[in-house]
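Participant: Input: one structure, supplied below.
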C-alpha cells in the first residue's frame, strides 16, 4: 500500500531555509578567514628568516661559508698579544677557528676570513697565498681575499718574519704558523665547496656595556666639533650580515664590532678565543643543534674585529688595586705601585666571567639584528688592493701643505703598556720627553735614532728606531697592504693594524664620500675590518698622537700615518666607484725571507718521564663520586708534553661522556672546544708533567653517570730513535645530581 506523503509545515520550511542560509554564511566566513590568514602569512616576515616565497629581484649571489680549526700547540710556546715572553701557553680554554665567507656575483668573487688569532702577519698572509695558488691558481688573489684576526691575546705566536715580533714570540715557530695557515686555507676550501645561490641581508645596531675607551685623554685632544658629532668615545655600533640560501634558510652570520679581546687578561696561560670567539661559539651552538663545537655543523658565525685600538672590554675601568682609588688620568699610574697597580677590570668576577658577559652582549644584539634583517645587498662585488711603502708616503693636505710618513719607530710609552696589561720598568703613558737613562742603554746596545727620524716622529721620544734596525732582519715592515672589498653597497675597509675609535670614524667617512658618487654606493655602508693582512701596531689621529699614550707611541709611521692611509684608501674607493681598479699600480711587493734566515729560540721538548710506579694516562687525583650542577669536576693525569701530540687540529684532548643505561654506551657531550671544559698542563722537572682536566658542570646538565677522558702522546728517545706513543687517561665514573638530595 503506497504511503501518503506528508506536506511540510510552514515552520519546518522556514527552519530548513534558515539552516541553509546559516550554513552558507558559515562557509563564506570560514573561506574569508582562511584567505585572510593566508594573506597575513604572505605579508608577514618572520623575525628569524626572510620569506622564501619572495623571489630575489636580481640575480642572486653565489655564497659559501666555512669554518676550520686553526688551534696550534697549546703548551710551552709564547702567547701573542701582551708582548710578554714569560706568558707561555699552559693549556686550552677554547679552540681557535678560522671562518671564511665567499661571495660571487657571477663575474667576480671576494673572500673575507676572520680567524681567532692575535693578528694577521705579512708572513702568514704570504704563506696562505702560496697554498691557495697551488690549489686554485689565480682564483683567490691578493686583491679579492681579506684575512683578518680577531685580536685575541690568548693565542700562540710564532708566525712573523720581522725581528721585533720574533723577539716577543721567540722566533718563527713552524708548528704554530702551519696550524694557522692550514686552518685558514681549509676554511676557504669548505666555503668554496659549499658555494650555492643565496642572499645577503645587512643590519646594524648598538651593543651596550661592552667597550670602554682606555685612553680618554688622547680622545679628548680631537677637535671639539668632531667629538660633538658622536654620543660616545667608543663605537657602539655592530654591523651584521645575514647569509641565507634561496629558501630563506640561514647559513651564516658575519659581523664587525670594536672591542679588544682582552677579557682574558695577561695572567692567563690557556689558549682562548676570548670574547669575540665566545660570541661566535654560542651563536654556532644555537644554530648547529646536535653538533659538538668544532664539528661539521653547517652554520658559520664570524664575529670580527674593527677599529678597536682604544676600545677595551674592561668596562669597570682602571683603578689602583692597592687603594681602590682612580688612577692618574694622564699617565694611568698610582701613587703607590706606579702603573703596575693601575689595572682595568671587566664586568665579571674573574676573566672567564668577563669573557662570557662581553661575548653574550655581542651575541644577543647580533641575534636580534640577524632575525630582523630586511635590507638586502644587491649589485656587483669588487676587490682593490695595493702594496704601499709606508716609510715614504707624501700626504697632500691641500694645495700648499704636505706631510710625510716616517721610518718605523716606537716611543717610550710603548713600553708602558696599557691598563689592560703589560708594561715594564718605570715607563709611563703620555711621555713626550723620554728618559736619558733608557736612551743611553738604547744607544749603547742598538744605536741612536737618526736626527731625521727623531724630527719626523715629533713629539714622540723614540725608544726603538726600528726602521733603522735590520739585524738579523728588519725589525718592522715597510711595505704594507691596503685593501677594500665591496658587496653591493657594503664596503669593507681592511686595515693593517689597530685603528683607534676616531681614526676608524675618519677613514669610514672618507671612503664613503668617494664611493657615494656612483651606484650602487649612493647609500653605502662602510665598515672597518681590523688586524688585516699585515700588522703595523696602532693608528691614531694626528691629535691623539700628540698625547703619546700607548696607542700614539705605537703608531710606528709617525704623526701623519692616518692621513697617509686615508689618502690611499680614498684612492682605492675612487677606483672602485669609477671602474678603474685595473689602473691601480700594484705597488712594491713585500719581502718573503728565506726560512733559514728566520730564528727560533724555542727548544724541542725533552723526552717525557712518568713517575715511578705510574704510566702515562694514570690518574693522580681522582674525581669525586658525586657532584651537583654548578660545581667543578676535576681529575689530574700523568701527562706527556702536549707538543708531542703534533698537529691537534680537528681532534680533541678532552671529552666529557655520559653513560646511557639503555644502550650500555658512553655519549660524548663535551669536547675541548666546549666552554664548559678546561685543560691545564702542569709542567714539572726533568720531563715530568701533569694534565688537569676540569668540567664546569652547567645548570642544564642532566642527572646521570659521567666520566672524563684525556688523550695525549708521550715521547721516548734512545740513542738512535725517537718514538711518539699515544695514550688515553680515563677518570672513574661519577654521578651528577640536580642536588645532593637526589640520591
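Placed from the backbone N, Cα and C atoms, the Cβ positions cover glycine too.
Feature table excerpt (Swiss-Prot):
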type	residues	note
TOPO_DOM	1-14	topological domain 'Cytoplasmic'
TOPO_DOM	36-743	topological domain 'Lumenal'
REGION	40-60	region 'Disordered'
COMPBIAS	49-59	compositional bias 'Pro residues'
BINDING	151, 260, 498, 538	Zn(2+) binding site
ACT_SITE	312	active site, nucleophile
DISULFID	320-334	disulfide bond
DISULFID	327-342	disulfide bond
DISULFID	406-456	disulfide bond
BINDING	672, 674, 677	Ca(2+) binding site
Participant: Can you tell which of the binding-site residues 260, 498, 672, 677 lies nearest to residue 320 (disulfide bond) in space, using Cα positions?
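Facilitator: Comparing Cα positions, the candidate nearest residue 320 (disulfide bond) turns out to be 260.
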Participant: Helix, strand or coil at residue 498 (Zn(2+) binding site), per DSSP?
Facilitator: strand
Participant: Out of the recorded positions 260, 334, 342, 498, give me the one sitting nearest to residue 677 (Ca(2+) binding site) by CA distance.
Facilitator: 260
Participant: Taking the centroid of the Cβ atoms of 672, 674, 677 (Ca(2+) site), which other same-chain residues have Cβ within 8 Å of it?
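Facilitator: Near the Ca(2+) site, beyond 672, 674, 677, sit 92, 94, 293, 652, 654, 655, 656, 670, 671, 673, 675, 676, 678, 679.
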Participant: How big is the gap, in Å, between the Cα of residue 342 (disulfide bond) and that of residue 672 (Ca(2+) binding site), rounded to a whole number?
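Facilitator: Given the Cα positions, residue 342 (disulfide bond) is 34 Å from residue 672 (Ca(2+) binding site).
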Participant: Quick check: of the recorded positions listed here (312, 334, 672), which one has the Cα closest to that of residue 151 (Zn(2+) binding site)?
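Facilitator: That would be 312, nearest by Cα distance.
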Participant: Compute the C-alpha separation of the residue listed as 'active site, nucleophile' from residue 260 (Zn(2+) binding site), stating it in Å without decimals.
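Facilitator: The Cα atom of the residue listed as 'active site, nucleophile' is 5 Å away from the Cα atom of residue 260 (Zn(2+) binding site).
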Participant: What mean pLDDT score does the topological domain 'Lumenal' (36-743) have in the model?
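Facilitator: Taking every residue in the topological domain 'Lumenal' (36-743) and averaging pLDDT yields 96.
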Participant: Using DSSP and three states only, what is residue 674 (Ca(2+) binding site)?
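Facilitator: Its secondary structure by DSSP: coil.
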